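For reference, the structure discussed in these notes is given below.
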Amino acid sequence: MDSKRDEKILELVKILKNTKYLVFFGGAGTSTDSGVKDFRGKDGLYKTLYKDKYRPEEVLSSDFFYSHRDIFMKYVEKELNIKGLKPNKGHMALVELEKIGILKAVITQNIDDLHQVSGNKNVLELHGSLKRWYCLSCGKTADRNFSCECGGVVRPDVTLYGENLNQSVVNEAIYQLEQADTLIVAGTSLTVYPAAYYLRYFRGKNLIIINDMDTQYDGEASLVIKDNFSYVMDRVVKELKKIQFGKTLKNI
């Protein structure tokens, strides 16, 4: 066993054991074990051009959607297809933390719907979800097709580059961050704004960062774990359950 790895995990367990109000803030890295492509990792989507011509940020912009819908739809189908994806151990660990009563809210930058599929109840989607599509003409919920039965254009219920976030979701996310005594941030480089800015509203005691690369908040964190999100959270929940069922845990 890796003693340093275990030491970090046990430290997180100790923090969660004394946590009353946990909020989770996650990015693409929380879903990579489910088959979702990362964005800014070394092999992420943003490292390559689509059709050797378009930057992903360009394709996923509001302007591009309206001017090149066919290319936009093909890109989403090829690179952002969420059909058949299943929650990983990290997602399921968050469900267990919610059942235990520690986790109060999941704030996600992801658009894959995996937190809801896994069973989390209070999920705040900052960027929307690819599971939902709607008609721009009649507003009716629609299938993932080019047009609605009314003849209108259909688009995904996600925030594209150049668009504002849903303010009601933002307000609730800020409220949850303000209430938390512990915040776990995982699977995100914290470079996407304005979403990353909202962490400034956290005033709690414990900021935990779980990521495979450095973030701008590492220096402010109580604990930084550079490891796989799914592995860490699965281990943490198993150790917490040992405590819950009266088993002793070394160093806790």
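Glycine residues also receive a Cβ, built from the backbone N, Cα and C atoms like all the rest.
Copied from Swiss-Prot, the annotated features are:
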type: DOMAIN; residues: 2-243; note: domain 'Deacetylase sirtuin-type'
type: BINDING; residues: Ala28, Thr32, Phe39, Arg40, Gln109, Ile111, Asp112, His127, Thr188, Ser189, Asn211; note: NAD(+) binding site
type: BINDING; residues: Phe39, Ile111, Asp112; note: nicotinamide binding site
type: ACT_SITE; residues: His127; note: active site, proton acceptor
type: BINDING; residues: Cys135, Cys138, Cys148, Cys150; note: Zn(2+) binding site
For the binding-site residues Gln109, Thr188, Asn211, the one whose C-beta sees the most other C-beta atoms within 10 angstroms:
Thr188
Could you please provide the mean pLDDT value for the domain 'Deacetylase sirtuin-type' (2-243)?
91
In the structure shown, which of the binding-site residues Cys148, Cys150 has the fewest Cβ neighbours within 10 Å?
Cys150
Spatial neighbours of the residue listed as 'active site, proton acceptor' among the binding-site residues Ala28, Gln109, Thr188, defined as Cα within 10 A: which are they?
Gln109
Cα-Cα, whole number of Å: Ala28 (NAD(+) binding site) versus Cys135 (Zn(2+) binding site)?
27
Under 8 Å between C-beta atoms and at least six apart in sequence, can you list the same-chain neighbours of Asp112 (NAD(+) binding site), or say none if there are none?
Ser31, Ser34, Val36, Ile82, Leu85, Ser129, Leu130
If H, G and I count as helix, E and B as strand, and all else as coil, what does DSSP give for Ala28 (NAD(+) binding site)?
helix
Reduce the DSSP letter at Thr188 (NAD(+) binding site) to three states and note it down.
coil
With every protein chain in view, how many other Cβ atoms are within 10 Å of the Cβ of Ile111 (nicotinamide binding site)?
24
Which listed residue (Ala28, Cys135, Cys138) has most other Cβ within 10 Å, given these are binding-site residues:
Ala28
Among Ile111, Cys135, Cys138, Cys148, these being the binding-site residues, pick the one whose CA is nearest to that of Thr188 (NAD(+) binding site).
Ile111
Taking only the Cα atoms, work out how far Asn211 (NAD(+) binding site) lies from Cys135 (Zn(2+) binding site), in Å, as a whole number.
37
What three-state secondary structure does DSSP assign to Cys135 (Zn(2+) binding site)?
strand
